[in-house]
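Input: a single structure, listed below in structure tokens.
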Amino acid sequence: MAQSQLAAAATDTAEASPSGQGECAVPAALDRESFKQVLNLLALRVPARQCADMMKAFRGFTLDRPRLKCIVNDGQPPRTDTKLLLLEEGITLESLTPELRKHVEGAKLEVQAHQVTLDYSMLAADVVLKRLLPEGVDAPSSFETIGHIAHLNLRDEQLPYRHLIAQVLLDKNPHLKTIVNKVGSIENEFRVFNMEVIGGEPRLETEVTQHGARFKLDFSQVYWNSRLESEHLRLVGTMERGQVLVDMMAGIGPFAVPAAQKGLTVYANDLNPRSTHYLAVNARLNRLGEGVRVFNMDGRAFLRLLCDTPGGPAEEVRHQREQQRQQKPAEEPRQAEAAAVATGAGSAPQAAAGAVTGAAEGAAASPTAAQPAKRQRTKEKTSEEQGPVPPVPEAFAPPVGGIMFDHVVMNLPASAIEFLDAFNGTFDPTAWAHRPLPTVHCYTFKRGNETEADIVAKAEGYLGGSMEEGACTVHTVRDVAPNKLMLCLSFRVPKAVAFNGRS
């Protein structure tokens, strides 16, 4: 969804009933004053040193409300020797057990009336929404948080109240600035769903942190699922420093970035140009240098490029790089001229250009330009102006025989298993003769009555060959929906598949 559409959705105040629903009475505005309530309670004056014992003795009868304490100060200014133990609303001395009444009498505890005023700020979001929403319309039970954004999946009966729900969530969660609701299902090749901003700022670029790694993203343009954080950590934990990871469907880098932080060399690819943009941004954000190389290709073509598969793109890329090297001597005079401009030498027009270049490079001479925040903004602006990430990094060309790597991650559960055919006949037998073939970690879904054996058989069908006996492990990641599980298949590429048709 375009940013302008998101902004329009955020300011839309029309409350249209969903198709098939009758007209709903939706409050025009949230009346926070209407939530004020005075509780008339009984309070026991107890010795300050005995508060813990008294709370334990009167358990089940003391005030039990969110954000309220059952032990409060006694008087104004507060006394130092006593506190007030507040009983729940409706509790009287007569409603206490005989043992507790004897305890009150035996300890000579003074009993007095006490008032507590509840207001909107003291009530949890679910309590507020329960009062606001009509019977039969439940409050959202949970939502995903992505930086300052809350992502809801509202049901049809909740849609007429979406702006009201969003306002309450913004009030009760100060760290949230934007509330979005998912519209439709993920049906495009980039795994991005349509969304409507139903509250707060129409600002969809945000930043999240997972286990010390920072990730910048535009939630409307890329795929992100915060619920997979533990899975990212689990899988990267199986890899070792110094190994090489190929991330075929890398997104914005939830596997690639922490793997590079751990000391792996990562070749990361995604088909979505916006994902690769943020993947490159995140590699810089986490200061990974050459630890992550970013590609923007089809997953099959990416794997064949790295493996130098005959008939694949590797030969063409090497040819292009050779042409670039041959053209380089012809470009050297122009580079020397540019260097002269940067130092202020040359003709008058060149000197004028050199003044601009020198001002940019000598930013430290200007107090304003030397501010770190401004330098950061300049870098971010420049990365956007540079345009999309190229399909293949500049100056990259795979060696003859291909890149040697240890792991492959295929994080596209809806269709990654179909890409397993890319491994068939892709590897050079000579190059891989004296080292183990890589381990593949393929994410997929298991539906209905399917068994793990069914999923493994399906994977073998796409591979075009059988896995080695006992070589495949199946890890259950999470429940996605009723009768739908997300799995991770981990197996070493079989030699018969990897070298199929190659001598």
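Heads up, residue numbers simply count up from 1 along the chain you see.
Including glycine, each Cβ sits where the backbone N, Cα and C put it.
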Fill in the blank from the handout: Matching 1-22, 67-88, 155-176, 463-484 to TrEMBL annotations, region 'Disordered' lands on 1-22
Fill in the blank from the handout: Cβ density check for Asp270 (S-adenosyl-L-methionine binding site), other Cβ within 10 Å (all protein chains) comes to 32
Handout entry: Max pairwise CA distance, angstrom, over record-listed S-adenosyl-L-methionine binders His232, Asp270, Leu271, Asp298, Gly299, Asn411
Key = 23
Problem - binding-site residues: His232, Leu271, Asp298, Gly299, Asn411 - member with fewest neighbouring CB atoms within 10 Å - result: Asp298
